[in-house]
Amino acid sequence: MLSTTQSVTEPTEVTSKKVEDIEKENDEETPYSIFTSYDRLVLIVILSLIGFWSTISSPIYFPALPTLTSYFHTSSSIMNISVVAYLIFQGIAPTISSNLADTFGRRPVILASIIVFCASCVAISQTNVYWLLAVLRCIQAAGIAAVISISSGVAGDVCTRANRGSMVGAVAGLQLVGNGIGGLVGAALISSFNSWRSIFIFLTIGGGVTFILAIFILPETSRKLVGNGSVVPKNILNKSPYIYLPHFKKRMNNDITTIVPATRFDLLGPLKIFFQKNVFCTLLPVGIHFAAWTMVLTSLSTELESRYHYSVMHVGLIYLPQGIACIAGSLVVGKSLDWYYRYRKTIYDQEVECLPLDERPQFNIVATRLTLSVVPALLMIIGLVIFGWCIQYKRHIISIIISTILVSFSASVFIAICTTMLVDLYPNNGSGSTSCLNLMRCWLAALGAGVLDSMINAMNVGGTYTVVAGFCILFDLALIYVLHNAKKKFSNSGPTTTKSPPKQ
């Protein structure tokens with residue numbers, strides 16, 4: 001159950017009160033954020049670009065696996081260790097670095113992440129031994145993985161619940177484009193330059209250009225440092241040239257009353273959130289959906305080469321529709337989250353307007369968000385079954401493309417929905433709470449990638465993805481438990497403030 005006892009990590013009554021009091025839309029005197037729609041668009045673009053290099057770094061590696069196996073004179077099973085290790089570190093690192101971002105600011109941690117990423121890519125492009133490649137891939141993952149969860153923290157800083165869905169959905173969806181088209185980019189680079197090293201040179205150049213852009217246009221948004229954005233940060237690392245642009249500077253009135261009280265750095269903070277029952281039961285379905293998507297991406301290249309005898313470049317082109325599906329998902333889920341929030345909030349306001357303040361239940365934000373997860377959950381299951389059996393019986397390629405579109409679209413939408421809900425529950429710890437999601441999805445993806453070959457050998461492709469679809473159904477049932485507990489918690493709780501109706 002979502003506990004109502006006071007805790008630094010749980011969305012308590014006290015925390016909820018702060019959220020309700022702070023998240024006021026368009027208050028003329030003290031707006032929740034001075035970031036306009038234009039400023040949020042700039043943030044969406046730069047955060048999506050930064051996160052793109054995190055998500056593309058795993059699948060861009062897949063087309064190079066046969067080449068790397070030959071180059072390092074090793075087996076495919078040994079080479080797959082580098083894939084699994086990458087996913088493990090991609091899950092672990094953000095629980096530390098994203099927590100640093102919640103404490104010391106978003107901007108310096110993001111910039112440091114890009115530096116580590118670029119340095120590791122340069123080193124990988126020059127390595128000649130397998131063990132060093134595997135180690136450097138772990139460093140690469142640890143460096144860049146945190147930017148995904150930090151992006152969600154930024155959304156919590158500058159958006160209220162009413163418009164948060166659009167930003168989280170757009171950023172999460174656009175970032176996951178890298179996951180969808182990574183195979184295409186990797187195949188194109190290998191075909192064009194006939195070298196696996198070109199992949200990491202490409203990542204270095206892309207990361208370097210993004211770093212330069214981030215220096216100039218990525219502002220600090222942590223409410224513990226800049227409040228609603230109107231306070232100039234004290235540390236030079238948190239200062240961005242963007243805040244000195246005339247259109248932004250004129251809104252900076254140094255309103256220190258909007259600064260959220262700082263909390264001490266808690267290394268285990270994200271893990272405390274992770275092991276809360278409701279959070280854990282929300283993360284399980286997200287993790288299995290992402291793991292299923294990763295397994296599809298992994299199987300796609302090997303199965304199309306072995307069963308359909310496609311070239312590396314031809315296989316790469318099959319990844320393109322998945323990237324388009326991610327973009328479509330980001331657009332659909334963001335607008336849907338905001339629309340459904342307004343719809344449910346209107347109904348709630350009508351239901352409680354005649355009740356005394358001390359009898360009004362809290363608005364059920366958990367149900368408002370998770371209700372929309374039903375459709376992508378069904379699409380994921382359908383896509384997995386179609387993919388597995390169409391591959392096994394060598395059906396027309398269009399059926400496989402359609403199935404991968406369903407899987408990619410549903411995974412990106414499902415992740416965005418649950419990410420938004422976590423930020424809603426922990427608006428002042430958005431990066432840390434979202435790192436829990438990253439931890440679960442990466443660890444389950446690592447497990448899925450590790451057992452994929454054994455599953456296919458034991459039950460063929462069709463049976464494998466039918467079983468994976470079954471796991472998705474089983475894990476999705478955990479959301480029923482979450483919704484049941486949320487209904488009890490929000491219906492039994494009192495108002496968030498005794499002075500005015502709760503604002504969402």
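Including glycine, each Cβ sits where the backbone N, Cα and C put it.
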Swiss-Prot annotation: Pro66 and Ala367 on one membrane face: no
Intrachain neighbours beyond the topological domain 'Extracellular' (457-460), with Cβ under 8 angstroms and 6 or more residues off its ends: 392, 467
Contact call for the transmembrane segment (279-299) against the transmembrane segment (107-129), three or more Cβ pairs under 8 Å: no
Tally of DSSP helical, extended and coil residues in the topological domain 'Extracellular' (300-311): 8 helix, 0 strand, 4 coil
Stretch-level contact, the transmembrane segment (439-456) and the transmembrane segment (107-129), CB cutoff 8 A, at least 3 pairs: no
Top Cβ-contact partner of the transmembrane segment (107-129) among 42-62, 170-190, 371-391 (pairs under 8 Å): 42-62
Long-range neighbours of the transmembrane segment (371-391), counting only residues six or more past its ends (CB under 8 A): 285, 289, 292, 296, 299, 303, 307, 333, 336-337, 340, 399-400, 402-407, 409-411, 413-414, 417-418, 461-466, 468-469, 472-473, 476, 479
Intrachain residues whose Cβ lies under 8 Å of the transmembrane segment (170-190), provided they are six or more past its termini: 44, 47-48, 51-64, 67, 148, 151-152, 155, 196, 198-199, 202, 293, 297, 300-301, 312-313, 315-320, 322-327, 329-331, 333-334, 408, 411-413, 415-416, 419
